[in-house]
Amino acid sequence: MIIAPKVRGFICTTTHPAGCEANVRQQIAYVKSKGPLANGPKRVLVIGASTGYGLASRITAAFGSDAATIGVFLEKAGTEKKPGSAGWYNSAAFDKAAKEAGLYSKSVNGDAFSDECRAKVVELIKADLGQVDMVVYSLASPVRKLPATGELIRSALKPIGEVYTATAVDTNKDELIEAHVEPANEEEIANTIKVMGGEDWELWLQALDQAGVLAEGVKTVAYSYIGTDITWPIYWHGTLGRAKEDLDRASSAIRQQLSSKNGTANVAVLKSVVTQASAAIPVMPLYIAMSFKLMKEQGIHEGCIEQIQRMFYTRLFDGEFVTDDAQRIRMDDWELRESVQQACRDLWPQVTTENLSQLTDYQGYKAEFLKLFGFGWEGVDYTADVNPEVNFDVVAM
Ligand SMILES: NC(=O)c1ccc[n+]([C@@H]2O[C@H](COP(=O)([O-])OP(=O)(O)OC[C@H]3O[C@@H](n4cnc5c(N)ncnc54)[C@H](O)[C@@H]3O)[C@@H](O)[C@H]2O)c1
């Protein structure tokens, strides 16, 4: 079939397998261009491995450090008649490239919040790798089914204390709007912490530790976002920020847990990038369009793969392991420069629907958003017939 993009709200409901493969190949080429990673991990588990930062982590570990990887994600396979999710095609493309390079790659498609999924991963590690020396936690999900009770909990994307009002962009109409978001109540705050906080990361590390599949000196990282005063009301000071604070709590609990095997646990604070997760956060698309323009002009632009490659190569495994006072790895250092933030603050009140494309990198944002779903990649013939049914080595749950 011939597949064209169909955007509905914050997502594109169609995907292109060849475009997703082009995305993965380009990320692999980027990592390879940096040469081998000294002292890198060799057996890596990535939870949330199919898109965004998790995919970039899997690619960096495999192609920077020749690591065997197990990836966990929740994605939909395509059928003859209907395209699957982008993460499915990304993972198929990763698996193909890893095997071509002689690297071990196994994937588990299932609910990472479930005990069954943890048990399956433990079984795989025991059977194939023995132990892992790195665990990346990169889940982004609006819902979590609690493993103990089966209760389905939903997160909320809301401010706390007062209504949030700000200029935002309606990405369907390409118009500036005034976004109003009502504050969360106590239950919504607690629920968001349950879904996106640190509990599930802790459960993973406990299960892996108890099964004896964590190697001496194991490193685990979970990804977070803090941002600045521009996004604080909706993010860091809102429900998601509370969940991310809980990740800091979990990181110190896991650090304690791993100390007997000289393991480390850190939250890595990453920059804002275009992913399916960030597209759903009010104000993020406008802020990203603005900061991308400035960071590109200043020669410090990074997407997922550039951020993660820099983290692995200059902080985690080679270079200087520096953290902030809360033991967080700060990869948002370039984004937080005053040259970027002050310029954003100055630009914010000047942006209108008419000058959006001149004052910000809005066109770049839109193009990158479509690229997440496999559209707009150079070298892909979008007029050609493509089979949406793509199979690879994946354990279904
Ligand atoms: N996007 C940003 O700008 C940004 C910035 C800083 C930090 N982060 C953080 O990085 C992490 C990853 O975010 P992202 O933007 O890469 O998101 P993403 O939406 O691109 O990826 C989410 C991943 O989680 C997986 N997933 C979701 N629910 C699952 C489930 N129930 N079971 C198994 N897998 C599941 C998906 O399959 C996918 O692999 C999040 O913690 C996010 O807060 C993102």
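Keep in mind that glycine also has a Cβ here, set from the backbone N, Cα and C atoms.
Pulled from Swiss-Prot:
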- 48-53, 74-75, 111-112, 139-140, K244, 273-275: NAD(+) binding site (BINDING)
- E75: site 'Plays an important role in discriminating NADH against NADPH' (SITE)
- Y225: substrate binding site (BINDING)
- Y235: active site, proton donor (ACT_SITE)
### Task
Name the one residue among E75, Y225, Y235 whose Cα is closest in three-dimensional space to that of S50 (NAD(+) binding site); these are the recorded positions.
E75
### Summary
Looking at the recorded positions E75, D111, the one with the fewest other Cβ atoms inside 10 Å is D111
### Task
Enter the number of other CB atoms within 10 angstroms of the CB of L139 (NAD(+) binding site).
22
### Message
Checking proximity to ligand 1 here: which recorded positions out of G48, D111, Y235, K244 have their Cβ closer than 6 Å to it?
### Response
G48, D111
### Task
Round to a whole number and give the Cα-to-Cα distance in Å for the pair the residue listed as 'substrate binding site' and Y235 (active site, proton donor).
8
### Query
For the residue listed as 'active site, proton donor', what is the secondary structure state per DSSP, taken as helix, strand or coil?
coil
### Task
Look at each of the binding-site residues, L74, V274, and point out the one with the fewest other Cβ atoms around it within 10 Å.
L74
#### Entry: Cα-Cα distance linking E75 (site 'Plays an important role in discriminating NADH against NADPH') and G48 (NAD(+) binding site), given in Å to the nearest integer
10
### Task
Would you mind listing, in sequence order, the residues at least six apart from G52 (NAD(+) binding site) in the same chain with a Cβ closer than 8 Å to its Cβ?
S138, A140, V273, T275, Q276, A277, C304
### Query
Y235 (active site, proton donor): which of the binding-site residues L74, D111, L139 have a C-alpha within 10 angstroms of it?
none
### Message
Please report the three-state DSSP label of G52 (NAD(+) binding site).
### Response
helix
### Distance from E75 (site 'Plays an important role in discriminating NADH against NADPH') back to D111 (NAD(+) binding site), taken between C-alpha atoms, in Å
10
